[in-house]
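As recorded in Swiss-Prot:
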BINDING   Gly8, Arg9, Ser10, Gly11, Ala12, Gly13, Lys14, Ser15  ATP binding site
BINDING   Asp56, Ile57, Arg58, Asn59  GTP binding site
Amino acid sequence: MELIIISGRSGAGKSVALRALEDIGYYCVDNLPIDLLPQLADILSQSQASAAISLDIRNLPNSSQHLDEILTELENKHQIKIIFLDADRSTLIRRYSDSRRLHPLSVQNQDLSLEAAIDAEQIQLDPLIQHANLIIDTAVLSTHELAERLREFLRGNSDKELKIVVESFGFKYGLPLDADYVFDVRFLPNPHWNPSLRPMTGLEQPVIDFLSKYEDVANFIYTTRNYIETWLPMLERNNRSYLTIAIGCTGGKHRSVYIAQQLGEYFQDKGKHVKIQHKSLEKHKNR
């Protein structure tokens with residue numbers, strides 16, 4: 001039986017993910033104690049071809065060794081995939097503020113603040129993250145986009161085409177959680193120090209003109225795209241659904257935006273399925 005285990009940080013979207021899997025034909029069980037998982041999987045395998053089960057922090061064992069033993073037992077009998085949903089700390093805090101719900105660890109310990117509960121959960125979930133086949137950063141995904149990402153990972157599409165995401169980000173806001181490759185461009189010339197360019201972004205022509213005149217910038221783009229092109233065929237043969245390439249500068253406004261755009265457009269011109277996104281630009285718009 002195909003068994004999908006959905007887990008992740010509280011507030012990252014496990015319930016949404018489980019509903020999405022139910023919509024594409026998985027038999028779904030929400031929030032099962034992990035000690036019951038092998039027995040339930042054996043029962044379901046008699047009548048179901050595929051099932052999805054969500055696990056949250058309250059139902060995981062205290063021992064990482066015990067977790068390893070349970071997952072090994074399942075892998076010996078079933079086709080297991082573990083999907084871990086994640087989001088950055090500020091996104092989780094905002095979601096809890098919007099929903100006005102308590103974090104599961106705050107329910108167990110009312111003296112625990114939301115921030116402390118989020119941090120404690122991250123530590124406790126670390127052993128499970130090590131087993132994940134897919135980690136999805138839900139901070140920038142709509143409900144529909146999360147459902148589509150899950151569908152493509154599990155069901156694929158007719159041509160099995162690798163989807164490439166090239167994204168810019170600012171290191172001051174933290175590393176992207178879903179990146180396969182991270183390139184740091186903070187050593188390149190910075191338009192921020194030019195007062196006329198500071199309010200602009202790497203998508204605007206004056207900034208493009210500023211960066212494109214530097215040989216170091218051109219060399220970085222050239223060597224980075226060559227590196228990706230060298231290994232892309234092997235990544236495509238590895239039956240991956242997504243490849244996420246993250247380009248980071250200090251604020252995610254100038255250098256990383258320009259270079260991510262250049263790389264993304266290059267691979268689009270090569271006929272690859274590429275999505276370009278600029279994760280930190282929205283933060284600058286809201287200032």
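Heads up, the Cβ atoms here are built off N, Cα and C, so glycines get one too.
Positions of the features from Swiss-Prot, shown on the structure.
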residue : record           : DSSP class
Gly8    : ATP binding site : strand
Gly13   : ATP binding site : coil
Asp56   : GTP binding site : coil
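Within 10 Å of the C-beta atom of Ser10 (ATP binding site) sit 23 other C-beta atoms, taking all shown protein chains into account.
Apart from Gly8, Arg9, Ser10, Gly11, Ala12, Gly13, Lys14, Ser15, the residues listed for ATP, the same chain places the Cβ atoms of Asp56, Leu85, Ala87, Thr138 within 8 Å of the centroid of those Cβ atoms. The sparsest Cβ neighbourhood within 10 Å, among the listed binding-site residues (Ala12, Ile57), is found at Ile57. Counting other Cβ atoms within 10 Å of each Cβ, the lowest count among the binding-site residues Arg9, Lys14, Arg58 belongs to Arg58.
Inclusion criterion for the binding-site residues Asp56, Ile57, Arg58, Asn59: a C-alpha placed within 10 angstroms of the C-alpha of Gly8 (ATP binding site); this criterion is met by Asp56, Ile57. Looking at Gly13 (ATP binding site) and Ile57 (GTP binding site), their Cα atoms lie 14 Å from each other. Those same-chain residues not listed among Asp56, Ile57, Arg58, Asn59 yet with C-beta within 8 angstroms of the centroid of the GTP site C-beta atoms are Ser10, Asn31, Leu55, Leu60, Pro104.
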